[in-house]
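Novice: For reference, the structure I am asking about is given below.
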Amino acid sequence: MTIIVDIIGREILDSRGNPTVEVDVHLENGIVGRAFVPSGASKGAHEAVELRDGGIRYQGKGVERAVAAVNGEILEELVGRDARNQIAIDQAMIALDGTPNKARLGANAILGVSLAVAKAAAESLCLPLYRYIGGTQAHVLPTPMMNIINGGVHADNSIDFQEFMIIPVGASTLKEAVRYGAEIFHMLKKRLKDAGHNTNVGDEGGFAPQFKSAEQAIDFIMESIITCGYKPGEQIALGLDCASTEFYKNGSYFYKGEGKCRNTQEQVDYLAQLVKTYPIITIEDGMAEDDWEGWKLLTDSIGKQCQLVGDDLFVTNSARLRDGIKMGAANSILIKMNQIGTLSETLDAVETAHRASYRAIISHRSGETEDSFIADLAVATNCGQIKTGSLARSDRLAKYNQLIRIEEMLGAQACYAGNWHC
């Protein structure tokens, strides 16, 4: 009944208007699982390969080659297989690709099929996706890390850091956390507008004002939190995604917005000072992806008081994560499914992190779709944290709304992660 009988890939558009892959997996019982593949703007050099067409069509960003792989080789390989055998299906696609980074068929082709297979299997068994993936123990609603000011490659402004996040650690439920975030988001908009700043939003729904420094952005957020009646640090904590690889060149960190250049030790000291000054409990990619020495210095400096998240550093890759664990670099990993390319490898990265007492944070990408898969994945893995953008743009809100539904479905079993930093 759960045998795969057809797979259909197609080219659609993501939240930035760029092509991406959508996949339908048809089962013998008539069930169809549909999945969409996200895409990032700031990509780590060690990520699995997202196959693009090149040429003039869509300015080279078309995905017809990836779609052809879905409708051709992958279809031929998987027809007749049982959708419930997720690991075997993922391994078959990895073997079919035959490269270490999924460069031949494309991680965007392989991931689309992998996720659609899981959705089809879950529906066939009449199970919510989070329950199918996570089993009976899946019950933790993640604390959202809400990106309300965008910078870096996510926005057309001069802020060097990519994301400034609010984290509703003091909420009692996921639904309440979303309310906290929405209220602060709208207050921030008012304060920015009153100060004469642009209130257009960036790729992830956060505002993108012309600030010259990280401190200026943080101060506006702090004022908005207080004006809403919340207590910084107690009810609302802060988080940063520095995306440092984007401004790391020749061993130094070049802050164009500030007109400053910091060496590795100065970068560590700067981040440590920010943590001392503000209620910052998490910093993502504080050091560049290949600055392993810097990561070790940063972890030794503030790793006991602040969550240090490796995104470009680890790229959801268990092997790179194990290297980081051995070195004592970072203490957490960001989980982005398209960085590695299959659901089973994603789950393996989460398990690897948890076994080493590293935290795992489920994350969206800047180029998203209406697919809410990561909301279910966050609950399935009991990770306790999710990054899925601001409180604007339907591609971001689709995930928050799905989490609200899941919390309702779980009823008394639901547990909001809240202040995981305690």
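Each residue, glycine too, has its Cβ placed from N, Cα and C.
Pulled the feature table from Swiss-Prot, pasting it below:
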- Glu204: active site, proton donor (ACT_SITE)
- Lys336: active site, proton acceptor (ACT_SITE)
- Gln162, Lys336, Arg365, Ser366, Lys387: (2R)-2-phosphoglycerate binding site (BINDING)
- Asp241, Glu284, Asp311: Mg(2+) binding site (BINDING)
Novice: Please work out which residue of Gln162, Ser366 has the most C-beta neighbours within 10 angstroms of its C-beta, and give that one of the binding-site residues.
Specialist: Gln162
Novice: On a C-alpha basis, identify the one among Asp241, Glu284, Lys336 that is nearest to Arg365 ((2R)-2-phosphoglycerate binding site); the candidates are the recorded positions.
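Specialist: Sorting the recorded positions by distance from Arg365 ((2R)-2-phosphoglycerate binding site), the top entry is Lys336.
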Novice: Across all chains shown, how many C-beta atoms besides its own are within 10 angstroms of the C-beta of Arg365 ((2R)-2-phosphoglycerate binding site)?
Specialist: 26
Novice: Which recorded positions from the set Gln162, Glu204, Glu284, Asp311, Ser366 come within 10 angstroms of the residue listed as 'active site, proton acceptor', judged by C-alpha positions?
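Specialist: The recorded positions close to the residue listed as 'active site, proton acceptor' (Cα within 10 Å), listed in sequence order, are Asp311.
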Novice: Does DSSP give Glu284 (Mg(2+) binding site) helix, strand or coil?
Specialist: strand
Novice: Looking only at C-alpha atoms, tell me how far the residue listed as 'active site, proton donor' is from Ser366 ((2R)-2-phosphoglycerate binding site), rounded to the nearest Å.
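Specialist: Rounded to a whole number, the Cα-Cα distance is 6 Å.
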Novice: Cβ within 8 angstroms of the Cβ centroid of Asp241, Glu284, Asp311: which residues besides those meet this for the Mg(2+) site?
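Specialist: Close Cβ neighbours, site residues excluded: Gln162, Glu163, Leu240, Cys242, Ala243, Ile283, Asp285, Val309, Asp312, Leu334, Lys387.
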Novice: Going by C-alpha distance, which of the binding-site residues Asp241, Glu284, Asp311 is nearest to Gln162 ((2R)-2-phosphoglycerate binding site)?
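Specialist: Answer for the nearest of the binding-site residues: Asp241.
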Novice: Cα-Cα separation of Asp311 (Mg(2+) binding site) and Ser366 ((2R)-2-phosphoglycerate binding site), in Å?
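Specialist: Cα of Asp311 (Mg(2+) binding site) to Cα of Ser366 ((2R)-2-phosphoglycerate binding site) measures 13 Å after rounding.
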